[in-house]
Amino acid sequence: MPTPSMEDYIEQIYLLIEEKGYARVSDIAENLSVHPSSVTKMVQKLDHEKYLIYEKYRGLVLTANGKKVGKRLVYRHELLEQMLRLIGVKEENIYHDVEGIEHHLSWNAIDRIGDLVEFFEEAPERVEDLRKIQKRNEENQK
Ligand SMILES: [Mn+2]
């Protein structure tokens, strides 16, 4: 099981490879706002744990397991964004909130949140009903 920090790296590497076809240490460092030397250290650890293969001058590639894990982590991040958006969380909070919770939920909870998103997407009036409650509560808070 990857640690939260390892998950952040695997997720970021997966996204970079999807976007650009490769993941450079400098890009990973920039996207995660960390020092390149921290990236090198973590990449070595991820290599050791067989999530990727790192060759100093040739860059890095995800192993089959690294890809599988990366895909699940990206899915989880996107699902949580979708869920927060659906329940009416302000756009400016969404990314940061997801970064704060994504590592701390069980996959069981993720699956059930998947059901919840489906429940709302199946019938848009359910979202409207929820918005009515939201509006009422916001009025009461004033
Ligand atoms: Mn994330």
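Each Cβ is built from the backbone N, Cα and C atoms, and glycine gets one as well.
According to TrEMBL:
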- D8, E99, E102, H103: Mn(2+) 1 binding site (BINDING)
- E11, H77, E99, E102: Mn(2+) 2 binding site (BINDING)
- 1-63: domain 'HTH dtxR-type' (DOMAIN)
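When other Cβ atoms within 10 Å of the Cβ of E102 (Mn(2+) 1 binding site) are tallied across all protein chains shown, the result is 19. Only H77, E102 of the binding-site residues listed as H77, E102, H103 bring a Cβ under 6 Å of any atom of ligand 1; the order follows the sequence.
One way to see the shell of the Mn(2+) 1 site is to take the Cβ centroid of D8, E99, E102, H103; the remaining same-chain residues with a Cβ within 8 Å of it are P4, E7, E11, H77, V98, G100, I101. Remark: H103 (Mn(2+) 1 binding site) has P4, E7, D8 as non-local neighbours, by Cβ distance under 8 Å and separation of at least 6 in sequence.
Excluding E11, H77, E99, E102, which define the Mn(2+) 2 site, the same chain contributes E7, D8, L73, R76, L80, V98, H103 within 8 Å (Cβ to the Cβ centroid), listed in sequence order. Each residue contributes its Cα atom, and for H77 (Mn(2+) 2 binding site) and E102 (Mn(2+) 1 binding site) those atoms are 6 Å apart. Counted over every protein chain shown, other Cβ atoms within 10 Å are most numerous around E11 among the binding-site residues D8, E11, E99. According to DSSP, the domain 'HTH dtxR-type' (1-63) comprises 38 helix, 8 strand, 17 coil. In the shown protein chains, 17 other C-beta atoms lie within 10 A of the C-beta of H77 (Mn(2+) 2 binding site). Recorded residues E102 (Mn(2+) 1 binding site) and E11 (Mn(2+) 2 binding site) have their alpha carbons 11 Å apart, per Cα-Cα distance.
For the pair E99 (Mn(2+) 1 binding site) and E11 (Mn(2+) 2 binding site), the Cα-Cα distance reads 11 Å.
On the 0 to 100 pLDDT scale, the domain 'HTH dtxR-type' (1-63) averages 93 in the predicted structure.
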